[in-house]
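Visitor: Input: one structure, supplied below.
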Amino acid sequence: MKQQWQFLILCLLVLFLTVDSRGRRLLSDDVNDTALLTAFKQTSIKSDPTNFLGNWRYGSGRDPCTWRGVSCSSDGRVIGLDLRNGGLTGTLNLNNLTALSNLRSLYLQGNNFSSGDSSSSSGCSLEVLDLSSNSLTDSSIVDYVFSTCLNLVSVNFSHNKLAGKLKSSPSASNKRITTVDLSNNRFSDEIPETFIADFPNSLKHLDLSGNNVTGDFSRLSFGLCENLTVFSLSQNSISGDRFPVSLSNCKLLETLNLSRNSLIGKIPGDDYWGNFQNLRQLSLAHNLYSGEIPPELSLLCRTLEVLDLSGNSLTGQLPQSFTSCGSLQSLNLGNNKLSGDFLSTVVSKLSRITNLYLPFNNISGSVPISLTNCSNLRVLDLSSNEFTGEVPSGFCSLQSSSVLEKLLIANNYLSGTVPVELGKCKSLKTIDLSFNALTGLIPKEIWTLPKLSDLVMWANNLTGGIPESICVDGGNLETLILNNNLLTGSLPESISKCTNMLWISLSSNLLTGEIPVGIGKLEKLAILQLGNNSLTGNIPSELGNCKNLIWLDLNSNNLTGNLPGELASQAGLVMPGSVSGKQFAFVRNEGGTDCRGAGGLVEFEGIRAERLEHFPMVHSCPKTRIYSGMTMYMFSSNGSMIYLDLSYNAVSGSIPLGYGAMGYLQVLNLGHNLLTGTIPDSFGGLKAIGVLDLSHNDLQGFLPGSLGGLSFLSDLDVSNNNLTGPIPFGGQLTTFPLTRYANNSGLCGVPLPPCSSGSRPTRSHAHPKKQSIATGMSAGIVFSFMCIVMLIMALYRARKVQKKEKQREKYIESLPTSGSSSWKLSSVHEPLSINVATFEKPLRKLTFAHLLEATNGFSADSMIGSGGFGDVYKAKLADGSVVAIKKLIQVTGQGDREFMAEMETIGKIKHRNLVPLLGYCKIGEERLLVYEYMKYGSLETVLHEKTKKGGIFLDWSARKKIAIGAARGLAFLHHSCIPHIIHRDMKSSNVLLDQDFVARVSDFGMARLVSALDTHLSVSTLAGTPGYVPPEYYQSFRCTAKGDVYSYGVILLELLSGKKPIDPEEFGEDNNLVGWAKQLYREKRGAEILDPELVTDKSGDVELLHYLKIASQCLDDRPFKRPTMIQVMTMFKELVQVDTENDSLDEFLLKETPLVEESRDKEP
C-alpha cells in the first residue's frame, strides 16, 4: 500500500512540476526522464524473474544513465532503451516511453509483453522501434506508431499475435522510414490494394510474411516503390494468376518472396522479369503453379543468386537459357514433376552453384558425371527420383579440393558399390544413399572422414561390418543408420568413443556378439536400435547411464540374463531436444506373432511414402500401420524413455518395479521371453502407455488393478502366461479381445468366462486319531442329503429356463431377418438373454433378445440409416422409449477392435453436441451399439431433401445454430477429451438433429484415439467420404485434427449454399462444391455461393459472407493455415451476439480431465 501511495505522489509530482501555467519547465529534463522510466517499470512490468531491472531505483541522486539497458546523450538525456531478452512480463503501456522526448531507439524484443494502452501520447521521437517476439495482440498499436512516430526509420512487430486487418501505412509526413516488419502475426482479411503504395518512397524493406492476409496479388498497387529492395508476402493466403504491373516499378528490388501462398496458373513469362535488374533472391515455392518453367525467367540471370520454385506442379525441365545464370548459387526445384536431361545440359554449367535441391521429381537416367564440374557444390539433393546406374565417383577428384558437405541420393534405383572416392571428400558431413540397391562394403575411407556426422545407408544390400576404428580419431558421428542391410560381425568397443552419437540404427542385419557396455558412455544417445540380429549376452545395465535415451529396441536377438532395472534409472530426468525435428516413420506391427517386435523406426528424410509401403518390413506382415512426421518431445525436463522393445529374446527373472516410473513410456514390449514373477502394481504409473505386451512368458499372480487407470492403453497382450484371478473391471481392460488373455488357465472375467461364484477352496486339516467315526458318518449322510436336494432344485430350474429359452428362440426365429447383412448366430454359445452393457442406469436390464424384439429381428423396415461401419435401426423398447441401434459390419481382423475403440471413445464422453452411446452388446460375431435416438435424423436428409413432401426448411437462424453446435461438438472431441479424438469421417450425414434441432456429432465408427502413440494416424485405406476428404489425405494417408476441420468447412459450406458436396448435375463430373465455391470466392463472387433462400432472410447476406469466410479458412488446402476448432468457435463468438436460447458461446469451456462428463443441461 505504501508503494502505491509513493507511486501516485510521484505521478502527480511529474504532472504538476513538469510545466507551470505559463509553460515554463520547473523540473529538470533528467528528473523527468527518471520519472517516466520509473512509471514504465511500475505500470508495465508485472514480473521480472531474473531481476533484470534490479538497479532501476528511483530516488535522490539516482542517475538513470547507469540503469541497465539505458543509454544517454552527453548532456544526460535518455536516448536509448535496450531491454531485449530480459524475461520481462507485463502489459505494455508504450506512451510512458514515447513521452521520453529524446528517446531515439527502443528494443523490447524477446520478452512477454501483452497489449496495453498506447493511445494518449502527445508525441514520439523514436527512430528505431523493435517490439518483436512478445505477446502483443491489439493491432491498434501499429496504427498508433505509424501515425505518431513521424521520425521512424525502422519498426519491427514480428512474432507477436497481432490480429485483425491491415489498415494504415505510415503517415505521409514520415519521409524517413526504411524498414517495416509485421511478419509472423495473425493479420487476416484482404490486404488493402494501396497498402503498399501508401508507404513513403523511402521504404526499403517490407515483410508481411507468416500471416493470413488474402486478396488477389494482381490487384495490389506498389506505387513508385523506387527504393524497395526486400519484399516478402510468404506464408499467407494470397491468390491470383497474374503479377501486378506496378511491381515492375520496383527497379531496385533484390529479394522477392511469395512462397507458400495460393498463386495459380503459370509462372509469368514474356519480358516481365526484364524489369528487375537487381533481383538476387526469388522464391515462388509452395504455390499452385503448373506448366513449364518460362525461359524468360532467365532474364534475371545477370544478378540472380537464389531461385526457389519448389513445391509446385511444374513439368518439363530447366530451360537451356539458364546456362547464362553465372551468379546463381542456390537452386531449389524440389517437389515438382520435372524430368529430362537438364542436369547435364544446364546445371552442370553453373559454375558458382553451391546448393542444388531436386528431390521428389521424375528425373531418370544416370546421375550425370558432369555434375562434378560444379566445383563449388556444397549440397546435392537428388532424393526420390528415378535415377539408375551407379553413384558417381568423381565428386572429389584429386584435381579439385571438393567442398561437398551433403550428398543425398536416397530413394532411387542405384546399384553397384559405394565409391571409395567419396573418402576424398574431406568436407563431407552427411551421406544418405538409403533405399537403393547398393551392394558390397562401405569403404573404410568413408568411416574416417574427419567431419562426417550423418552416415545413412539403410535399406540396401550392403555387407561387411562396423570397423574397429570407428570414432577412434574423433567423435563427430551423430547418426549411424544402416538398418535393413546384410552387415555381419560384432559391434566394436570403439563405438563408445562416438561421444556425439544421437541415433544408432543397425536393426535387421546379421550382427553377432555382445552389446558393448561402452555404449552406456554415450550420454547424448537418444535412439538405439539393434533389433532382429543375432546378438547374445546380457542387456548391459550401463545403458541406464545414457541420459537422453528415449528409444531402445533390442527385439528378436538371443539376449539372456535378467532385465536390468537400471534402464529406468533416468526416468524423470531425460531432457528433450537431442533428436528434435528429424524426419521419421514408424512402421507398427499389428499382425500378431507373424511379425516380430512392436514395429520399426526408420529415418524418413527424402523417402516417398509409396516406396515405404512396398518395403518388405511393411508388406510382409499381415497388418501394419505407418506413422510419419517430425520427432517431437512431449515433455520439457522430466522425461523418460518412450519406447522399449526387448521382445523375442531369452531374458529371464522378474520385471523391475522401477519400470513403472517411466511416465512417458508409450510402448513396452517384453513378450516372448522367460520372465517370471508378477506384473508390478507400479505399472499403474505408465500414464502414457499405448502398447503393453507381456505375452509368452511365465508370469504369475493377478493382473494389477492399477492397469485399469491407463487411459491411453490401446493394445494389451498378456496371453500365454500363468496369470490367475479376475480381470479388473473398469478402464479398458475388459475391452480387449479374448485372445489377449488366452492361455492363462487361472484368468477369468470379461472377456473370458465369468469367475466362479463358489467359495474358494479351504485348507485341509488333519483330524485327531480318536475323532468319533460316528460323527463323521453322520456328517456324511447330512451332506449327501443336502446335495440331493440341491441337485433336484437345480434340475427343476434348468428345465424351466430351457423351456423359456425355447419359447424365446421360437419367437425370434419367426422374426424377419435383416435385409442389410446376415446374422452369424449358428455357433453362438451365449444365451440370447445376455445383458447389454450400458452406460445409462435406465437401460441396465436390457438384453440382446430385447433388441431383437424391438427391431423386429433387425428387419429392413426398422432400418433408418446405413454408414461405412454398419446399419442403424430404430428400436422401440418395452417401456416405450426409443433408441437407435448400430449393428457393426464384420471386417476381418478389424471388427472387434473397431467395436472396442468406439465403445471406449464414445461411452465415457457426455456432451450436449455429441450423440451419446447408451450401451453395447457383443454376441457371437455380432457387435451392437445402442445410441440415444435423434428425432429429426441427419442434417444431410433435412437440408437436401427439404423439397420433398413434409420436408423441413431450415432458415438461417436454424442453420447457424446447427453450424455452431456441430463446431462445438467437434471442438470438444479435439481439445477436451483425454486422449483427444479425431473423427475421420465428419460429414452432414454424421450431424444428427434432436427434438430441439440441436446438432449432435455422431458415428465414430472410423474414429481413432489420438493416444501417445497415435500422434498422426495412418491408415491403409483412405479415410472419409468423397467430397469431405481434405487434399493431404490423398498424399500422406495421415488423419489429423486439421483434416476434420476441412470436413467441417464442407459442412458449413453446405449450410450456406444448400448444395451437396458432390453433384455432377450441378458441378460437372470433374468438380465439386468446394472447387466451385473456391473459384467464385477467388473471383470476388462470394454472394453467388449463398443459398438464395437465405439471402432474403432478415439477417441479410453480410453475416452470411462472414460465415463464408470462416468456411474458406477451414477449407484451405494447406493444413497449417486452417484454424483449430477452438479458433473456429472464437470466430463464431466474435460474429454472433448470442441471443438465442441455450446457445451461449461465451460459456464454451474446455475441461482437460481423463474422463470428461458434461451434463446436457449445462451450457458448453
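Just so you know, glycine gets a Cβ as well, placed from its N, Cα and C.
Residues annotated as phosphothreonine in Swiss-Prot, with similarity to another entry given as evidence: THR847, THR855. Residues or ranges marked as phosphotyrosine in Swiss-Prot: TYR931, TYR1028. Swiss-Prot lists SER1020 with the feature phosphoserine, giving similarity to another entry as the kind of evidence. Residues annotated as repeat 'LRR 1' in Swiss-Prot: 77-98. Positions annotated as repeat 'LRR 12' by Swiss-Prot: 352-375. For 524-546, the entry in Swiss-Prot reads repeat 'LRR 19'. Look at Swiss-Prot and you will find 640-662 tagged as repeat 'LRR 21'. Residues or ranges marked as topological domain 'Extracellular' in Swiss-Prot (evidence: sequence analysis): 24-772. According to Swiss-Prot, the feature topological domain 'Cytoplasmic' maps to 794-1164.
Each of the listed features needs to be described in terms of its position in the shown structure.
Guide: Within 10 Å of the C-beta of THR847 (phosphothreonine) we count 17 further C-beta atoms, all protein chains included.
DSSP assigns THR855 (phosphothreonine) to coil in the three-state reduction, placing it in neither a helix nor a strand.
Close to TYR931 (phosphotyrosine) in the fold, though at least 6 residues off in sequence, lie VAL883, ALA884, ILE885, LYS886, VAL915, PRO916, LEU917, LEU918, SER1002, each with a CB less than 8 Å from its CB. Reduced to three states, the DSSP call for TYR931 (phosphotyrosine) is strand.
Other C-beta atoms found within 10 angstroms of the C-beta of TYR1028 (phosphotyrosine) number 27, with every protein chain shown included. Classification of TYR1028 (phosphotyrosine) by DSSP places it in coil, neither helical nor stranded.
For the repeat 'LRR 1' (77-98), the model's average pLDDT works out to 92.
Broken down with DSSP, the repeat 'LRR 12' (352-375) shows 5 helix, 6 strand, 13 coil.
DSSP states for the repeat 'LRR 21' (640-662), grouped as helix (H, G, I), strand (E, B) and coil, give 5 helix, 5 strand, 13 coil.
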Visitor: Where else in the chain does the repeat 'LRR 19' (524-546) make close Cβ contacts, counting only residues six or more beyond its ends and a cut-off under 8 Å?
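Guide: Hits for the repeat 'LRR 19' (524-546): 483, 491, 499-518, 552-570, 578-579, 596-597, 600-601, 645-646, 651.
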Visitor: What is the interatomic distance between the Cα atoms of THR847 (phosphothreonine) and TYR1028 (phosphotyrosine), given in whole Å?
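Guide: The Cα atom of THR847 (phosphothreonine) is 37 Å away from the Cα atom of TYR1028 (phosphotyrosine).
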Visitor: I'm trying to understand the geometry here, so how far is the Cα atom of THR855 (phosphothreonine) from the Cα atom of TYR1028 (phosphotyrosine), in Å to the nearest whole number?
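Guide: Counting only the Cα atoms, the answer is 32 Å.
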Visitor: In the repeat 'LRR 1' (77-98), how many residues does DSSP call helix, how many strand, and how many coil?
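Guide: Its residues divide into 4 helix, 9 strand, 9 coil.
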Visitor: Quick one: DSSP breakdown of the repeat 'LRR 19' (524-546) into helix, strand and coil?
Guide: 5 helix, 6 strand, 12 coil
Visitor: Mind giving me a neighbour count for THR855 (phosphothreonine)? Other Cβ atoms within 10 Å of its Cβ, every protein chain shown.
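Guide: Other Cβ atoms found within 10 Å: 22.
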Visitor: Look up THR847 (phosphothreonine) in the DSSP assignment and report helix, strand or coil.
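Guide: Its secondary structure by DSSP: strand.
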